[in-house]
Structure formats: C-alpha cells, structure tokens
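First the structure, in the form of structure tokens, and then the observations on it.
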Amino acid sequence: MKYLDVDGIGQVSRIGLGTWQFGSREWGYGDRYATGAARDIVKRARALGVTLFDTAEIYGLGKSERILGEALGDDRTEVVVASKVFPVAPFPAVIKNRERASARRLQLNRIPLYQIHQPNPVVPDSVIMPGMRDLLDSGDIGAAGVSNYSLARWRKADAALGRPVVSNQVHFSLAHPDALEDLVPFAELENRIVIAYSPLAQGLLGGKYGLENRPGGVRALNPLFGTENLRRIEPLLATLRAIAVDVDAKPAQVALAWLISLPGVVAIPGASSVEQLEFNVAAADIELSAQSRDALTDAARAFRPVSTGRFLTDMVREKVSRR
C-alpha cells in the first residue's frame, strides 16, 4: 500500500474504502450484506493496510456509520475515518450536534476527517465554516474537508475556516477527469488531497460493459452508459485495455493506478465482497510508466460525453423504436 501524510490526519492510504453501499438496498446489498460481508471487508481492508474509510451521515440514514464503527472494532481509533455532514441548516450549533451524533454512531470520540458533503447553494461558507472551526478547536475532529466543491468555493472555504481545508472529495475518474484541470494542481501546490469517489465510473472502466452488454438497475440511468457515450468512450477503453495487458493487470486496476499516480489523489472505491476489495487494493502495487500515464490522461481528456439531455432524448427514442 502507498500512503500520503496529511496534516491533522496522519497516514492516508492511496486506496481507501468507500462505504456508501453499507446497508444500501438500492444497490442490492441490504441487511444481510451489512451484518456479514461488510464486516469481513473492513477487517480484510485493515489487514491489507487500508487506513482511509469514508462514510456519511446520510448513507443509509446513519446505518453506514454504525456498521463501519462496529466492523472496525478496536482499530477505529487507529485509522482515518472520514464522515460527512449534509449542509441543511449548517449553523455552528447544528454542525456540532450532527458531528457528535456521527461520532456516537462510529463509536469515536474524535472523527479524524469531517467533511461538508456538498456546497449549500444558499448558505455561504462564511456561515458554515465557523462550526467546523469550533470542532477543530475543541478537538472533536482532526481536520476539515469538503466534498463536491469547485476550486473557487474550496478557496472560499479556506478563507472562512481561517486554516487549510485539507481535502475535497469529488467525482473523479478517467471517465470524469475534470479535477485534473484545477483541483489536482491546487492540491499539489497547497499540500492538500483530492479524494476520488466513483473512481471506476460505476464499473464502466472495468471493461465489462459496452454496446453489446448494457448494465441493468440504477446503472442504466447513468448517462455514461448511453449508446452515444459508449461509442465515444471506446478509444479510452481501448487505451486502458492495452496498458492493462502491458502491466499484467485488469483495466479497472489500471484506472485506479492512474488516479493514485496523480499528486495528492486518493481513491475510495466501494467493495461488495472481500475479493473485490483485494482486487482494488492490488492497484496500489501497479507502477505506471510516464508514457502510460500520459496516454491515459490524454485519452481521458479527449473523451467528450453527450449532455444528460441528449442521453435522455436518445434513451426515449431507443425505447420507442423497440416497440
């Protein structure tokens, strides 16, 4: 495993574990998964050197935090547990109460990394961040982070906090590389981290899905799996497959290896089984050449997906044509 040293947090594994799926019926996991496989996955993650475990108060309405805290056991104080507060009425007293509730569910006195889940479109960070500052000053959290913030808003959060907001968790993958343009350079320059969620684009970068093999369930509603986007992404997938052959790995592992080869970037893929966790963690051992890394970066930047509106229009048209 590779690690980054982060101020206020300590060693953060470059491959972490996203736990949004713990107890999530929408993704087919459910209660049995939560009480069995989830615990096995967390224990195996610790054995493999994973130190970053991401959750949030809204994941399963607190269930993810409870399962994670229970599964970590005595290790819960030895790792970087990252949770998030959803910024509804994000005033200092509310944020403190919500953080304390998350800490109780996680069975922690102190949450190492506490993040604002998304920017509030109405309430500015000058109102939100004083609550985070109070939590830092009281020692209830180790560091403050944000999620889904633009660079401009990240800078405003910094100013409002009066100290560095150490992380920004964003949608980031070869299929969604926007963070390359500004967030990653900022993180490198300012010694921050970018936490990449959905790093495998819901399985698209694993090479399993294509025009002849469409996903079902909620994935089918992801615009990336639309007909035109599956055509447009093929050059990127071809590059990914070719490099995977060169390094004797799978495309999904190369996609993760590309992310964590970038300065200040860590990835938090989910896992539905111990085997999937082991597969993801193995990506940390892949060393990409500069040529391979650049080829993937170029292919990612060249991918131009169609808009959501176009995706929806195409989807309706295709369904009508099948009648």
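The backbone N, Cα and C atoms fix where each Cβ goes, glycine too.
Lifted from Swiss-Prot, the feature list:
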| type | residues | note |
| --- | --- | --- |
| ACT_SITE | Tyr59 | active site, proton donor |
| BINDING | Ser198, Pro199, Leu200, Ala201, Gln202, Gly203, Leu204, Leu205, Gly206, Gly207, Lys208 | NADP(+) binding site |
I'm trying to understand the geometry here, so how far is the Cα atom of Leu200 (NADP(+) binding site) from the Cα atom of the residue listed as 'active site, proton donor', in Å to the nearest whole number? 20
Integer Å value for the Cα distance linking Lys208 (NADP(+) binding site) with Tyr59 (active site, proton donor) is 27
The sparsest Cβ environment within 10 Å, among the binding-site residues Leu200, Leu204, is found at Leu200
Going by C-beta under 8 A and a gap of 6 or more residues, the same-chain neighbours of Ser198 (NADP(+) binding site) are His171, Phe172, Ser173, His176
What's the number of neighbouring CB atoms sitting within 10 A of the CB on Gly206 (NADP(+) binding site)? 17
Rounded to the nearest Å, what's the C-alpha distance separating Tyr59 (active site, proton donor) and Gln202 (NADP(+) binding site)? Just drop the number here, would you? 17
Cβ neighbours within 10 Å, counted over all protein chains: which one of the recorded positions Tyr59, Gln202, Lys208 has the most? Tyr59
Assigned element (helix, strand, coil) containing Ser198 (NADP(+) binding site), judged by DSSP: coil
